Amino acid sequence: MTSNPIPRYLQEKRANFHELFYDLIFVYALQKIAHVLLHTDKNGTLSLNTFVVYILMSLFLWLLWTHQTVFTNRFGELSPKDVAFTIVNIFLLVFLSNSFYPDFNKTFVPFMTYMSLLYLSISLQYLLYIPHTQSKSDKMTCITSGLVALIVAILSIIGLVTPPPYQFVPGNIGLFIAAVGWVPFRKYLVESPVNMMHLVERYSLLTIIVFGELLVGIAGIFNINKFDYLYIFQFMILIGLFLTYWAVTEFYINHRHRTVGFKLSYSHLIINIALGGVNAVIVFSCSDKINRLFEVNFMYGSILLFFIGLWLNISYFHDYYKKMRLIIAPFILIITGYILSLLFVNYDDVLVITSAIVNSTIALIYYTNKRKLKRSDIASHHN
């Protein structure tokens, strides 16, 4: 009597080196985009145009990475073909990264050119895998996902030849299709679930690399010849967020959850946009040119956005961790820190200190809750 094979979404699958190499270059591209936030106007604030450009370019790039990663998650193998596609994509991604400028008109042509080539690559990978599918749901997933990627690539090309001022329209339509093009075919995706263990690993490793890049970035504002006690608190702001993210990803999320992975993808987009904002404010904290009220709003808006991204994943949590107090307590701390920073807005150090204390306290809450579960050995709550 033969045993039933383990479903693909429950199989042991780990990120391979070529995937991690791709992620490393992708983070480089994300950080190039985040540099847009460091260009303030004469009033010491960010213009609406600058912020919109940051969000749109982040969304374009994140959806590109998600489409590629989801293919690798479901159907990718350590084969010469898949490795070759990754190497070509890395080459294209390097050039894409060097096309980012605060002025999107200058960025547009190279950005859309490389975006179209990368989406063509994703589409081709799906179409080449169709003969190897073993179920109707997998076949339809390949067809629909490949078609979505192809449409996005074609719209990007159309945008390149569309005269001003309408050249952005095809690209924005492509962005919309990249974001929601899978939704009409959800019934096939549900029957072809992602491997949650692999997907969580890819997103978490990517985010950890982002944290590392941010720490390297703020290292540039540390003066080794003139130590300032604020350096400790600036460091704690990022470390507090990192420890919270680590606890949630490592212990709270059920890595055997059956899902199509949409929520995990978009929540991490929010998390990484928020991290770019936090990094910008830490850099701004060393400048006298920034508007202090704007600085407070931007810092706590970014911190709240980071935690909203984490909380969106609560449906993936083990049952034991699905508790509202794990949302309410951090939210109260964030609001308290925000109010204190507003009350002392004219004191430069207060924002950095309160942000560091808030983030570190929230990290302690999540870590302590994790330790309680471990000590109690509540195995029945692990689905």
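Positions of Cβ are set from backbone N, Cα and C atoms, glycine also.
Listed in TrEMBL:
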type: TRANSMEM; residues: 20-39; note: transmembrane segment
type: TRANSMEM; residues: 51-71; note: transmembrane segment
type: TRANSMEM; residues: 83-101; note: transmembrane segment
type: TRANSMEM; residues: 107-129; note: transmembrane segment
type: TRANSMEM; residues: 141-162; note: transmembrane segment
type: TRANSMEM; residues: 168-185; note: transmembrane segment
type: TRANSMEM; residues: 205-224; note: transmembrane segment
type: TRANSMEM; residues: 230-253; note: transmembrane segment
type: TRANSMEM; residues: 265-285; note: transmembrane segment
type: TRANSMEM; residues: 297-314; note: transmembrane segment
type: TRANSMEM; residues: 326-344; note: transmembrane segment
type: TRANSMEM; residues: 350-367; note: transmembrane segment
Contact between the transmembrane segment (168-185) and the transmembrane segment (141-162) (3 or more Cβ pairs under 8 Å, separation 6+): yes
Outside the transmembrane segment (141-162), six or more residues from its ends: residues with CB under 8 Å to it: 67, 70-71, 74-75, 108-109, 112-113, 115-117, 119-120, 122-127, 129-130, 133, 168-171, 173-175, 177-178, 181-182, 185, 188-189, 192
Residue numbers, six or more beyond the limits of the transmembrane segment (350-367), whose CB comes under 8 Å of its CB atoms: 230, 232-234, 236-237, 239-241, 243-244, 247-248, 252, 281-282, 285, 292, 295-296, 299-300, 303, 307, 326, 329-330, 333-334, 336-337, 340-341, 344
Same-chain residue ranges lying at least 6 outside the transmembrane segment (107-129) that approach it to Cβ under 8 Å: 57, 60, 64, 67-68, 71, 75, 81-82, 85, 88-89, 92-93, 95-96, 98-101, 142-143, 145-147, 149-150, 152-154, 156-157, 159-160, 167-168, 171, 178
Stretch contact, the transmembrane segment (265-285) with the transmembrane segment (83-101), Cβ-Cβ under 8 Å, 3+ pairs: no
Contact between the transmembrane segment (205-224) and the transmembrane segment (20-39) (at least 3 Cβ pairs under 8 Å, separation 6+): yes
Contact set, same chain, for the transmembrane segment (83-101): CB under 8 Å, 6 or more residues outside the stretch: 18-19, 21-22, 25-26, 28-29, 32-33, 35-36, 57, 61, 68, 107, 110-111, 114-115, 117-118, 121, 124-125
